[in-house]
Amino acid sequence: MEMDPVLAALNQTVLISGPGPFVLLGVPGLETLHAWLAVPVCLLYMAALAGNVLLLGLVAADKTLQAPMYQLLGLLAAADLVLATSTVPKALAVLWGLSAEISFAACLAQLFVTHVAFIAESSVLLAMAVDRYVAICQPLRYGALLTQRVVGGVAVAAVTRGACVMAPPVALLQRLPYCGQRELPHTYCEHMGVARLACGDTRPNVWYGLATTLLSPALDFGLIATSYAFILRAVCRLPSHGARCKALGTCGAHASVITLFYTPALFSFLAHLFGRHTVPGHIHILLANLYMVVPPALNPVVYGVRTQQIAQRLRHLLRLCWVGAVRGVSPERASHSSE
């Protein structure tokens with residue numbers, strides 16, 4: 001039986017242009033709490049913006065923070081800013097009832113940028129683990145192996161890796177047929193959430209989503225764990241207790257950030273793939289929102305507290321700002337007067 005020419009043309013148009021705008025439902029089952037849920041998300045987002053912009057500014061402007069370790073921190077702060085900003089503003093608009101619709105193109109762009117930022121941040125954390133491994137296990141070669149050029153290569157490789165990993169699922173989503181289902185039970189667009197709105201075969205999306213989880217964050221986490229195993233072996237061979245504590249202290253902030261980043265993210269990914277009937281939907285969505293704002297908000301705090309040189313420069317900057325505010329002069333003039 002041949003398809004009506006009008007219907008065939010309509011289907012072809014839908015496949016080319018994509019479906020109509022989706023409607024983001026927020027957190028199903030907790031609609032009455034949306035406005036209250038938005039408050040901590042907004043506060044954490046503001047903290048993430050302030051902390052990461054401050055950390056990025058310190059690394060960029062302070063000549064004493066030009067070592068590869070601190071430049072990698074700058075990359076981490078940039079990835080955190082992109083990760084949070086790609087999702088949280090729209091999530092807040094949904095939770096506050098300001099705007100729930102999102103076009104198909106904007107939805108694909110959002111999930112592409114979000115996942116690229118996530119993969120890039122995972123890559124930067126892996127590079128930071130390698131940095132700590134070289135600093136502790138091969139300190140004499142640290143200056144030769146880790147240079148500013150290497151850090152620049154890490155930045156390009158992290159973004160390129162994320163883009164290459166996320167290009168296929170976006171193409172798969174564009175090729176799927178959509179039959180009118182427009183309601184997306186989430187606060188932002190996510191790969192498998194969008195795929196489930198399609199009326200075609202989504203098995204390639206499921207398997208590719210599993211592969212990217214295993215070959216991106218899971219692989220990075222395994223390599224980071226391996227590097228820390230070598231670090232612990234090297235630390236245990238140090239002769240004095242003080243040297244061992246100092247070596248482990250340089251890894252403390254990084255280990256804390258790894259825990260904050262990977263734990264909720266991997267749980268959220270695996271729950272979305274396999275736990276649809278075991279993990280309540282609102283729990284999954286809440287966790288997905290938390291891992292978009294909690295690590296970006298806490299990373300600058302962790303590094304500001306655990307990294308001595310950053311803490312010193314931050315105290316110095318705050319002291320200059322305070323002196324400038326009291327005297328009515330700029331921080332630059334306050335710096336010159338204090339010297």
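From the backbone N, Cα and C atoms, a Cβ is placed for every residue, glycine too.
Here TrEMBL flags 35-60, 72-96, 102-129, 150-172, 214-235, 247-271, 283-305 as transmembrane segment. Annotation comment: TrEMBL describes 51-303 as domain 'G-protein coupled receptors family 1 profile'.
Outside the transmembrane segment (35-60) by six or more residues, the chain places 27, 70-71, 73-74, 77-78, 80-81, 84-85, 88-89, 91-92, 95-97, 286, 289, 293-294, 296-297, 299-301, 303-304, 310, 313-314, 317 with a CB less than 8 A from a CB of the stretch.
Listed as Cβ neighbours of the transmembrane segment (283-305) (distance under 8 Å, sequence separation of 6 or more from its ends, same chain) are residues 26-28, 37, 41, 44-45, 47-48, 51-52, 54-55, 73, 76-77, 80-81, 83-84, 87-88, 91, 114, 185-188, 190, 253, 256-257, 260-261, 264-265, 267-268, 271-272, 275, 311, 314. If you take every residue in the domain 'G-protein coupled receptors family 1 profile' (51-303) and average the pLDDT, you get 84.
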